[in-house]
Each structure stands twice: as structure tokens, then as C-alpha cells.
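Okay, structure first, notes after.
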Ligand code: DQA
């Protein structure tokens, strides 16, 4: 059985493609989902791709990953900078976490420079656009292979 990576996307990412294209590009969330599907095939993973605008729903998904998934790739979007609850849920999941942002948050407004997630993440990817999702999945795959070896 392929290890499952839960790919979680936070608020407003459903608007990708039309939302601030100068910052986030022209790809839609469906394009990124398809990219993750292709990467999963290539790297021998199973990906579950989700997006929500409701923080409690995201928390429920993180809780449900514990003991079922092998890792969590998360773009918490604006909740990155506000949510202790998401950080605590990720810790409680006891799963390796990779934080991904499309844009380089450090080159943007100061309020985007702090992340509640980064300190508990195994790795942080930002500024690579949608390629960051692929890089994160490749890293998970490599890590799982090493662990299985
Ligand atoms: C984002 C960066 C966040 O600061 C912002 O609130 C987002 C998207 C990114 O992918 O670059 O919604 O997470």
C-alpha cells in the first residue's frame, strides 16, 4: 500500500487563478491538485487533496490523519499567521509536516513573516509556486523510502 500524504489548503486558495495573479500566478487549485496527483504517481504516494475556508473543518481533517496518513503537506494560507489551533492539531497528529506557500512570504508584508506552523514543521517551502507542492511530495517519498529501508 502506498503511504498517504494529506495535502491541505487553507482559506481563499479555492480562488487561485483569479486571486491576485501577480502574486499567486494563473494556476487554479484544480491545476495544483492535478500536479499533486501526477507527482504522487511518480513518487509512489497516495495523495488526498483538500481545501477549506472553515478552520474547524481543517482541524477535523488533521485529527483524522493521525494513525492513517504518513505525512501532512499543508498550505495553511492566512491561518499560517494566526492559528495556534492548527499548530497544536498538527503536533497532536504525530505526523511529519511540510509547510508550503506559493509566494515568498518573507518578501511580503511583515505580518506574513511569522508562521505558527514553521517551528513544528519538518520543512518549509515558500516562493516556488506550485512546484513547492511537488518538491514537498518528493521529499516525503524519499523520507518514507529511507524509513522503510
Ligand atoms: C500563502 C501566503 C499567505 O500569507 C496568504 O495568506 C495566502 C497564501 C501562499 O501560498 O503564498 O493565502 O499561504
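Note that Cβ sites are derived from N, Cα and C of the backbone, with glycine treated the same way.
According to TrEMBL, the features are:
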- 19: site 'Transition state stabilizer' (SITE)
- 24: active site, proton acceptor (ACT_SITE)
- 75, 81, 88, 102, 103, 112: substrate binding site (BINDING)
- 101: active site, proton donor (ACT_SITE)
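Shown here: features listed in TrEMBL, placed on the structure.
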residue : record                             : DSSP (3 states)
19      : site 'Transition state stabilizer' : coil
24      : active site, proton acceptor       : helix
75      : substrate binding site             : strand
81      : substrate binding site             : helix
88      : substrate binding site             : helix
101     : active site, proton donor          : strand
112     : substrate binding site             : helix
Quick check for the class: what is the C-alpha distance, in angstrom and rounded, between residue 112 (substrate binding site) and the residue listed as 'active site, proton donor'? 11
How many Å separate the Cα atoms of residue 102 (substrate binding site) and the residue listed as 'active site, proton acceptor'? 6
Annotated recorded positions 19, 75, 88, 101, 102, 112, filtered by Cβ under 6 Å to ligand 1: 75, 101, 102, 112
Roughly how many Å lie between the Cα atoms of residue 101 (active site, proton donor) and residue 75 (substrate binding site), rounded to a whole value? 6
Across all protein chains shown, the one of the recorded positions 81, 101 with the most other Cβ atoms within 10 Å of its Cβ is 101
Of the recorded positions listed (19, 112), the greatest number of other CB atoms within 10 A surrounds the CB of 112
Specify the nearest of the binding-site residues 75, 81, 88, 103 to residue 19 (site 'Transition state stabilizer'), where nearness means the distance between Cα atoms. 103
Which of these binding-site residues is closest to residue 24 (active site, proton acceptor) if you go by CA atoms: 75, 81, 88, 103? 103
